[in-house]
C-alpha cells in the first residue's frame, strides 16, 4: 500500500483527487493521511467525500475512512475502471453543509473512465459555479477542448446552474472510452482572436447580467481587446450571479471567472473577471496558472512526452508534481526561471 501525506505542499483537496484518480487507473492501493490537515476545517468535506465515493464506484474499491471530516483514508481498487451510467450527487454527502463543486468530482473520475473499454455517461449534481474551484463554464470552454487535443473525447451539457451554498446544479457528461492520449507542446499561444463570455444570473433581475456584460465590454474596449459578452437570465434553485470569460488565442484558450455575492455591485463582478483576463493577456505564456496543474494528470498518461509554458508555477503545480511522482508513472521537470514544465511518461523513460 502506498502511503501519501495529505498535508504536503499546499495541502489541499487536489492531493486527494490526484491520488484517487491514479489509484483507480493503476490499481495501486493507497493510504492517505493528514488529509487537508492545514485547512480551517481539516479532513473530507462533502465534495471530497463525493470524490472518494465516485472513484470507489467506478473501480469497486474497498474504502475505509470515507466519512465527513475524516483525515485518514484507505482506498483499495478491486478492478479496473468500469464504463457505465453513473450519477453522483454532492448533496448525498453534505449533511447540512454547503453544496460542493461538481467540477472537482468530474476531474477525479474523467481520466479513469476515459481509459475504460466503453463509453460512459455521468450525471453530476451539486454546485456548478462555486468559489475556489473551476466553474463548469471553464471546464466546457477551456479544459475539455484542450484535452481533446490530447485525444480525449467528451460531450458536456449544463442542465441547471448551481451556486454556493445551495447547489442544485446538474451537469451531464459523456465520455468516449478506450482513450489513447498523445503528448502536446504548448509553448506559444499565438495571436488573440477574440474574447467571448457570459454574464449570467439566476433568480435575479435581468438588468444585472446586462450591467455586467456592458461593463465587461467597455473595459475590454478600453484595453483595445475585441470581445462580446452575452447577458443571460436563467432559472435556478437560488439567486446567483457570475461572469465567465474565455480568451481564444490561435493555439489555446484561457478562462477567467468572477462570482457575485450579496452587496457586490454587478460592475465590480465584471471588473474582477476582466482584470484577470487582461493580466494574463499582458504576459506571453500560453497556459494560465490554474490550468498549469490540471494538465499534469492527462499528460503523464499520454503515449508521448509533453511540454508547456505556464504563466506562474504555483504551489498547486509543485504539489501535484510531488503527488504524481510517488506513483512512479512519469518524470516531471520544472524550469522555474522560464516557467516550463516537461512531462515524460513512464514508458518513455530511459
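All residue numbers here begin at 1 and follow the chain in the order shown.
Just so it is clear, glycine is given a Cβ too, placed from its N, Cα and C backbone atoms.
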For the ATP site, Swiss-Prot lists 290, 291, 292, 293, 294; sort out which one of 82, 94, 107, 141 goes with them.
107
Whole-number Å only: compute the distance from the Cα of residue 291 (ATP binding site) to the Cα of residue 316 (active site, tele-AMP-histidine intermediate).
10
Roughly how many Å separate the Cα of residue 316 (active site, tele-AMP-histidine intermediate) from that of residue 293 (ATP binding site), to the nearest whole number?
6
Cβ-Cβ neighbours of residue 294 (ATP binding site) (radius 10 Å):
21
Have a look around residue 293 (ATP binding site) and count the other CB atoms within 10 A of its CB, chains all included.
23
